[in-house]
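Colleague: Input: one structure, supplied below.
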Amino acid sequence: MRKMLAAVSRVLAGSAQKPASRVLVASRNFANDATFEIKKCDLHRLEEGPPVTTVLTREDGLKYYRMMQTVRRMELKADQLYKQKIIRGFCHLCDGQEACCVGLEAGINPTDHLITAYRAHGFTFTRGLPVRAILAELTGRRGGCAKGKGGSMHMYAKNFYGGNGIVGAQVPLGAGIALACKYNGKDEVCLTLYGDGAANQGQIFEAYNMAALWKLPCIFICENNRYGMGTSVERAAASTDYYKRGDFIPGLRVDGMDILCVREATKFAAAYCRSGKGPILMELQTYRYHGHSMSDPGVSYRTREEIQEVRSKSDPIMLLKDRMVNSNLASVEELKEIDVEVRKEIEDAAQFATADPEPPLEELGYHIYSSDPPFEVRGANQWIKFKSVS
């Protein structure tokens with residue numbers, strides 16, 4: 001009897017040491033999956049589009065929620081570090097657009113390719129890099145994903161080609177990556193992203209033409225967040241139907257604030273490209289909460305009420321959270337635990353990003369040429385002047 005009482009006492013003591021929320025979550029029976037209706041995509045030159053219902057598993061839902069929260073908290077931490085003058089130079093944040101980067105990744109394979117513009121932090125994370133490598137890149141430290149020399153606009157990961165600072169210039173490169181996929185006979189696609197502000201550039205239409213002519217497996221994706229810097233789409237474009245801009249290329253207009261819509265549309269587009277039909281165009285209707293960059297307060301060309309309305313009615317994280325809680329895929333307590341874990345991860349990454357050393361001046365020319373300096377050009381050593389003083 002004494003042994004039995006002692007065993008019961010140990011079990012109860014172990015339960016008492018666990019947070020009450022964890023005990024509650026562990027004892028609750030959750031649904032394994034749930035079916036949701038999603039918004040129908042507008043179509044251009046397509047008879048059928050993505051499905052209007054989709055199944056979300058509990059496992060995927062928790063993964064998507066954690067990833068979107070991580071991107072959101074990472075961007076808010078970057079905002080804080082910038083205001084503390086720890087991050088310097090250009091910095092473009094994507095909070096509000098989390099459903100785009102997470103949803104696109106959910107619809108493709110790790111071996112597929114992605115290239116985007118300068119609002120790239122979220123995509124760098126979803127392509128597989130840890131938060132500490134992203135924040136360290138923002139602070140210019142050696143542990144950054146580009147050794148601290150790329151900064152906000154020039155981040156890279158496996159099968160992720162940046163992060164490009166020239167508006168629209170990544171689009172022809174994306175078509176070139178798709179050409180390589182076809183040339184090498186690989187069943188891969190390239191997601192080529194640009195914003196509504198770049199959508200009027202001539203080089204994009206040239207890329208459309210070559211991709212269609214050669215039937216390249218390229219998904220052209222316009223992230224329409226309504227404003228190109230401080231100019232609304234209505235003031236910048238004769239037509240704001242960006243999904244029709246490819247003319248002879250089929251297109252989809254997608255709710256970019258709903259991760260499930262983005263995921264299903266991406267799966268559809270990827271399957272279209274893999275079938276050998278050529279390129280397809282997607283317009284993701286989304287919204288950024290911050291200004292264009294850190295030098296833009298974001299309220300001179302739009303009202304605070306407009307931003308708050310989007311936050312209250314269309315926030316991508318809240319939409320996923322409500323779906324999961326209401327369908328018994330997760331509990332509020334469980335999602336709060338994820339929030340706590342994400343905040344700790346971000347804080348740890350921020351500490352690393354501020355404590356990690358900066359790259360020495362001698363490495364300024366590294367990773368530019370096939371061989372690292374010092375080497376002579378026309379008989380002169382151009383690198384001898386780059387010496388650290390400490």
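Cβ atoms here come from the backbone N, Cα and C positions, even for glycine.
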Colleague: Check the candidates K77, K158, K321 against Swiss-Prot and report the one noted as N6-acetyllysine.
Modeller: K321
Colleague: Labelled N6-succinyllysine in Swiss-Prot - which residue from K40, K149, K313 would that be?
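Modeller: The residue tagged N6-succinyllysine by Swiss-Prot is K313.
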Colleague: Name the one residue among D187, D196, D258 that Swiss-Prot lists for the same Mg(2+) site as N225, Y227.
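Modeller: That Mg(2+) site, as Swiss-Prot gives it, pairs N225, Y227 with D196.
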Colleague: Select, from K147, K244, the one residue given the annotation N6-succinyllysine by Swiss-Prot.
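Modeller: When Swiss-Prot is consulted, N6-succinyllysine appears for K244.
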Colleague: From K39, K83, K385, name the one Swiss-Prot lists as N6-succinyllysine.
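Modeller: Candidates were K39, K83, K385; Swiss-Prot attaches N6-succinyllysine to K385.
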Colleague: Could you let me know which of K182, K215, K277 shows up in Swiss-Prot as N6-succinyllysine?
Modeller: K277
Colleague: So how many other Cβ atoms are close to Y118 (thiamine diphosphate binding site), meaning within 10 Å of its Cβ?
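Modeller: Taking all protein chains shown, Y118 (thiamine diphosphate binding site) has 22 Cβ neighbours within 10 Å.
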Colleague: Between H292 (thiamine diphosphate binding site) and H92 (pyruvate binding site), what is the CA-CA distance rounded to a whole number of Å?
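Modeller: H292 (thiamine diphosphate binding site) and H92 (pyruvate binding site) have their Cα atoms 6 Å apart.
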Colleague: CB neighbours of H92 (pyruvate binding site) within 10 A?
Modeller: 22
Colleague: Under a three-state reading of DSSP, tell me whether Y227 (pyruvate binding site) is helix, strand or coil.
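Modeller: DSSP assigns Y227 (pyruvate binding site) to strand.
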Colleague: Between the Cα atoms of R119 (pyruvate binding site) and S293 (phosphoserine), find the distance and write it as a whole number of Å.
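Modeller: With the alpha carbons as reference points, the distance is 9 Å.
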Colleague: I'd like to know which of these modified residues, S293, S295, is least surrounded, judged by other CB atoms within 10 A.
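Modeller: Lowest Cβ count within 10 Å among the modified residues (S293, S295) is S295.
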Colleague: Taking only the Cα atoms, work out how far K313 (N6-succinyllysine) lies from N225 (Mg(2+) binding site), in Å, as a whole number.
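Modeller: Answer for this pair: 16 Å between alpha carbons.
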